[in-house]
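What TrEMBL records for this protein:
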- Asp31, Tyr32, Glu33, Phe34, Asp35, Ser80, Leu81, Glu110, Arg133, Glu169, Lys284, Lys308: NAD(+) binding site (BINDING)
- Lys112: active site, N6-AMP-lysine intermediate (ACT_SITE)
- Cys402, Cys405, Cys420, Cys426: Zn(2+) binding site (BINDING)
- 586-664: domain 'BRCT' (DOMAIN)
Amino acid sequence: MNTKDQIEALRDELRQHNYNYYVLDNATISDYEFDIKLKELQALEEAHPEFFDANSPTQRVGGAVTKNFATTVHDFRMYSLDNSYSKEDLLDWETRIKKMVDGDVQYTCELKYDGASMNLTYENGKLLRAVTRGDGVQGDEVTANVKTINTVPLQLKGDYPDRFDIRGEIILPIEGFLKMNEERIANEEEPYRNPRNTASGSLKLQDSAEVAKRPLEFLLYSIKGNDLNIQTQYEGLDKAREWGFKVPNEAKLVNSIDAVLDYVEYWDKHRHELPYEIDGVVVKVNNLHQQDELGFTAKAPRWAMAYKFKAEQVSTRLNEITYQVGRTGAITPVANLEPVQLAGTIVKRASLHNADQIEKLDIREGDEVFVEKGGEIIPKIIAVDLSKRPVDLRPTKYITTCPECDTELHRIEGEAKHYCPNYNGCPPQVIGRIQHYISRKAMDIEGLGGETVALLVKEGLINDYSDLYDLTVDQVIPLERMAEKSAENLISGVEASKKIPFERVLFALGIRYVGETVAKKLAKHYKSIDALMNASIEDLVSVDEIGERIAESVVEFFGSEENRRIVERLKTFGVQLEISAEKLANQTEKLKGLSIVVSGVFEKISRNELKKLIEDNGGKVSSSISSKTSYLVAGDKMGPSKRTKAENLNISIITEQAFLDILK
Ligand SMILES: [Zn+2]
């Protein structure tokens with residue numbers, strides 16, 4: 001087999017596995033085997049860029065960065081649907097239909113997925129572009145991001161039309177949404193409010209590699225095009241399945257409005273058994289000729305109707321408002337409710353967000369409140385039932401001192417939350433910071449868990465994370481449930497953390513707003529904690545993607561004597577507080593300010609090594625040639641169009657050797 005065939009065979013095989021796993025939910029190989037094959041394909045494609053294909057399975061991992069999403073006009077307008085809320089509404093609709101068309105009318109019933117509407121265009125079986133609904137006439141092109149969604153086929157199967165549009169909803173399944181929020185809560189970030197907003201927000205992220213990390217899915221409901229040779233809506237759904245799209249099997253063909261109502265009633269009751277959220281049912285006249293006869297009003301098709309479920313709501317008693325203190329000192333009020341059944345689960349607590357929210361709704365302990373799950377996973381209080389308010393209830397006075405340490409709370413102007421400023425003496429803050437320090441994404445200290453940290457603090461053995469490095473086996477053994485072996489593990493885990501690289505240590509310090517990505521950026525720019533500690537706000541905001549909020553937080557953190565003392569202690573223990581000499585030796589500023597495009601096959605080093613060299617030396621790797629390109633590093637077999645473009649724009653084309661000479 002020649003290389004081209006080998007690449008094509010691997011692509012086909014991976015596509016089939018992808019389809020089995022994501023669309024059919026029926027994997028036939030292990031994740032490991034899949035990864036091996038994907039890596040094999042990646043290596044082949046890298047060695048043979050002349051066989052590049054934008055729709056190869058390797059392109060799903062993302063990486064393309066879009067700064068501005070191009071506005072694109074839809075080939076076929078995306079109408080919105082009329083809404084109905086009752087049986088009467090649906091019967092009225094049927095009457096209107098029967099006046100306009102002859103013969104029997106069948107209906108397709110489909111679930112109304114709660115996500116972001118999207119139009120995909122396919123040409124010759126390949127995904128050409130993905131465009132958001134926008135205003136229905138035009139939307140934003142988000143192809144690079146949509147490509148990362150595994151249920152979007154990049155290459156179709158079977159007997160598909162030459163060109164057509166297919167529409168559906170990008171959704172975030174509940175399980176994936178909860179997992180994303182768990183991570184955010186662990187990082188003390190505000191959790192996402194609901195799957196729908198998170199799904200539609202994902203589509204507008206600039207970095208497609210970020211989108212690839214989110215477990216989004218694409219569910220289909222409609223095909224548009226000329227000469228499709230499809231007679232009914234239901235047939236269209238079947239065809240879409242054959243071509244490799246994910247069309248939920250809940251779709252049903254029925255013969256009467258009564259049967260439609262049965263479907264609506266069934267799913268109103270059972271919707272919480274689905275892996276994703278729905279907010280109603282969509283009913284369509286099945287026959288496409290009848291659809292043509294019915295046509296459109298100015299806003300919506302006459303042949304379709306959305307039936308919206310009522311948001312689920314219950315009323316219950318608010319027993320008590322309590323307050324939680326987070327690692328950063330942020331206070332979160334929590335409503336403790338009389339347990340009540342809602343949307344298939346028992347609800348005992350609801351978030352109250354902040355003081356403004358409590359004041360706005362005038363929520364008082366003892367009130368009867370309405371709780372809703374709506375599109376949101378964490379239930380919220382939407383209103384107080386004032387008709388049931390006992391006369392003696394007093395307005396809620398938001399706490400003014402910390403429930404854990406009694407310190408007076410602060411509220412930074414413009415921020416919704418109150419903070420406990422007792423940074424060094426407030427137990428949940430002290431414990432929370434150390435728990436963050438040892439966590440998996442930070443110092444990843446094996447043999448030490450969150451409970452043990454709390455115990456160590458309570459016993460007075462540690463007060464901040466630098467104290468961990470002073471601990472001895474003898475000190476730890478007397479702790480509850482601690483044996484000699486586990487004590488030894490703990491100490492050796494702490495010892496091993498001294499090898500964790502600087503960027504992760506920086507994240508572990510727990511500076512507010514300095515998450516993993518920001519920590520990486522700061523570590524790369526400043527190279528050592530000393531340089532960072534002495535940076536001014538002005539200096540910090542000049543770093544790419546560092547804003548004022550982060551800059552202020554960094555300066556405030558290192559402005560504290562106590563924090564400086566802790567950092568100095570970490571230094572004496574040998575924790576990595578600068579980029580290692582080895583890594584540093586390879587980093588220069590020789591290419592600072594240069595934008596470089598790499599293309600073709602190289603002899604001495606691989607394309608990826610070349611790119612890394614550019615970045616390590618302060619340059620920027622760009623994927624396409626523009627007037628801003630400084631150099632085009634040209635290897636063997638570079639595409640002729642790239643060369644022509646570079647020549648037209650007068651961009652220096654240099655060889656691999658010439659590039660390496662620049663770095664010498
Ligand atoms: Zn406190």
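A Cβ is built for glycine as well, from the same backbone N, Cα and C atoms used for every other residue.
Annotations in TrEMBL come from automatic prediction, not curation.
A map of TrEMBL features onto the structure.
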| residue | record | CB count, 10 Å |
| --- | --- | --- |
| Asp31 | NAD(+) binding site | 9 |
| Glu33 | NAD(+) binding site | 12 |
| Asp35 | NAD(+) binding site | 10 |
| Leu81 | NAD(+) binding site | 17 |
| Lys112 | active site, N6-AMP-lysine intermediate | 22 |
| Arg133 | NAD(+) binding site | 20 |
| Lys284 | NAD(+) binding site | 23 |
| Cys402 | Zn(2+) binding site | 24 |
| Cys405 | Zn(2+) binding site | 16 |
| Cys420 | Zn(2+) binding site | 27 |
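When the Cα of Cys420 (Zn(2+) binding site) is compared against those of the recorded positions Glu33, Asp35, Lys112, Lys284, the shortest separation belongs to Lys112. Taken together, the residues of the domain 'BRCT' (586-664) have an average pLDDT of 83. Cys402 are the binding-site residues among Asp35, Arg133, Cys402 whose C-beta comes within less than 6 Å of an atom of ligand 1, given in sequence order. Annotation for Cys426 (Zn(2+) binding site): same-chain Cβ neighbours under 8 Å, separated by at least 6 residues, are Val325, Gly329, Cys402, Glu404, Cys405, Thr407, Cys420. Spacing of Glu33 (NAD(+) binding site) relative to Lys112 (active site, N6-AMP-lysine intermediate) is 36 Å (Cα to Cα, whole number). For the pair formed by Asp35 (NAD(+) binding site) and Lys112 (active site, N6-AMP-lysine intermediate), distance between Cα atoms is given as 35 Å, rounded to the nearest Å.
Under DSSP, Cys426 (Zn(2+) binding site) is assigned to coil, being neither helix nor strand in the three-state scheme. Excluding Cys402, Cys405, Cys420, Cys426 themselves, the residues of that chain whose CB lies within 8 A of the CB mean position for the Zn(2+) site are, in sequence, Val325, Gly329, Thr401, Pro403, Glu404, Asp406, Thr407, Pro421, Asn422, Gly425, Pro427, Pro428, Gln429. For the domain 'BRCT' (586-664), the DSSP counts in helix, strand and coil order read 27 helix, 17 strand, 35 coil. Recorded residues Lys112 (active site, N6-AMP-lysine intermediate) and Lys284 (NAD(+) binding site) have their alpha carbons 12 Å apart, per Cα-Cα distance. According to its DSSP assignment, Glu33 (NAD(+) binding site) is helical. Site extent for NAD(+): among the recorded binding residues Asp31, Tyr32, Glu33, Phe34, Asp35, Ser80, Leu81, Glu110, Arg133, Glu169, Lys284, Lys308, the largest C-alpha separation is 44 Å.
In the three-state DSSP reading, the residue listed as 'active site, N6-AMP-lysine intermediate' counts as strand.
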